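Quick look at what TrEMBL annotates:
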type	residues	note
BINDING	29, 32, 48, 51	Zn(2+) binding site
COMPBIAS	297-309	compositional bias 'Low complexity'
COMPBIAS	314-349	compositional bias 'Basic and acidic residues'
COMPBIAS	356-367	compositional bias 'Low complexity'
COMPBIAS	368-391	compositional bias 'Basic and acidic residues'
DOMAIN	25-294	domain 'CoA carboxyltransferase N-terminal'
REGION	290-391	region 'Disordered'
ZN_FING	29-51	zinc finger
Ligand SMILES: [Zn+2]
C-alpha cells in the first residue's frame, strides 16, 4: 500500500498534470485559476478574458503594444559600474546579475525606445519586473535619465511604464542615489515644458514610488496593480490592523486621488495617444481627434437622443479651429528655437513653459475622465489651449 501511495500515485499525478498543462500551450490565470489558451492570452496582451486579471509584461511586448505599427527604435542605455560594492549575500551580486541576464536576455531592467504614438514622436521607458524584480540600481537610474535626455533632445513626450519591487539593495547607497537623480531628470522634463506620463503597473513599490513614478503630469494605472511604498504585509505587521479591501490597488489609489485614471491594457495605447495629442497641442493630431469625435458624435446623434446634436454641430468648427492653430504652433516652435540661443528670452520662456505641465494636467485629465460618454467630453475642448499664456 505504501509503495502504491508514496511512489506510483505521485508519479501518475505528475504525468497527468504535465500532460494537461504544458507551459507553452496553456496559461493558468493567477486571478481566477482558469486555463487560457496561450495564443489567446498573448493576443489579449496577457489579460484574462474571464476575470480581467492583468498579467505582467516584458519590455518588448510593451513597446510592441504601444507604438504605431509596432515600429520603434530601442536606445542603447549607458553602461554602469558593475557590482561597485563587491556585494555578496547567499549569492554573489555578479552571479545574480548573470542569472537574470541569461533568463531575460537583457543587460538590466531599464529599457528605452523611441517611436510614434498617434503620429507623435514619443520616448518610452519600461522597467522589466522579470529582471531582478525591476529593482532600481545604477543601470535603471541611468536608463531613466537617458530616456529623459532623449525626450528633451527630440522635444518629445516621455511615457514611463513602472514595475518595481524596490531598490537594488546589492548596490546600497548608490541605489538610493537614483531617487534624487531620476527626480532631477523629471524636473528637467518639466523645465523643458514637455509632458511626462506615468503608467503604474503591477507591482509598483519601493524606491520608484519615492521618486519618478509619482512625479508625472498624469498618472495612469493598470487594473488591479499593486502600488505603494512598503507592501501590504509589512504595513499589516507593523500597525497590527486589518487593512481595508483593495488596499494599495490601482482602483483604491484612484479613489484616494493618487491615480488619475485606471486604464485597461487594451485601452492603454488609445488613451496615451489621446493624452499626448492634447498635451503637445499637435495641430494635425488635434484635427484628427476632432474628426474622430465628430464622426462618433454623428453616429451617436443618428442613433439616438436629441441632446447629442449640439455637440455634433460643434465639431466641424472645432476641427477648423484646430487646423487654424497649426501655424501658430510652428511659430511657437521657431520662437523656442530662437530663444535657445538668446539667454534672456530663454529664461522668460521657460518660466512660462514651466507653468504648463500643471495646467495641462488639469486640462488633459478632464477629457480622459469624460471618455466613456464621448459627447460630454467634447465640450471641454472649447477651453483655449492651455499654453496660450506662454506665447
Ligand atoms: Zn482570470
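Numbering starts at 1 and runs along the chain as displayed.
Glycine is no exception: its Cβ is also placed from the backbone N, Cα and C atoms.
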Long-range Cβ neighbours of the zinc finger (29-51) (under 8 Å; 6 or more residues past either end):
21, 57, 61, 65, 224, 264-266
Let's see if you can do this one: DSSP helix, strand and coil counts over the zinc finger (29-51), in that order.
6 helix, 4 strand, 13 coil
Give the sequence-ordered list of residues that share a chain with residue 32 (Zn(2+) binding site), lie 6 or more positions from it, and have CB atoms under 8 Å from its CB.
48, 50, 51, 53
Average the per-residue pLDDT over the zinc finger (29-51) and send me the rounded value.
95
Just going by other Cβ atoms within 10 Å, which of the binding-site residues 29, 48, 51 has the emptiest spot?
51
List the residues in the vicinity of the Zn(2+) site, defined as same-chain residues other than 29, 32, 48, 51 with C-beta within 8 angstroms of the site's C-beta centre.
30, 31, 33, 34, 36, 49, 50, 52, 53
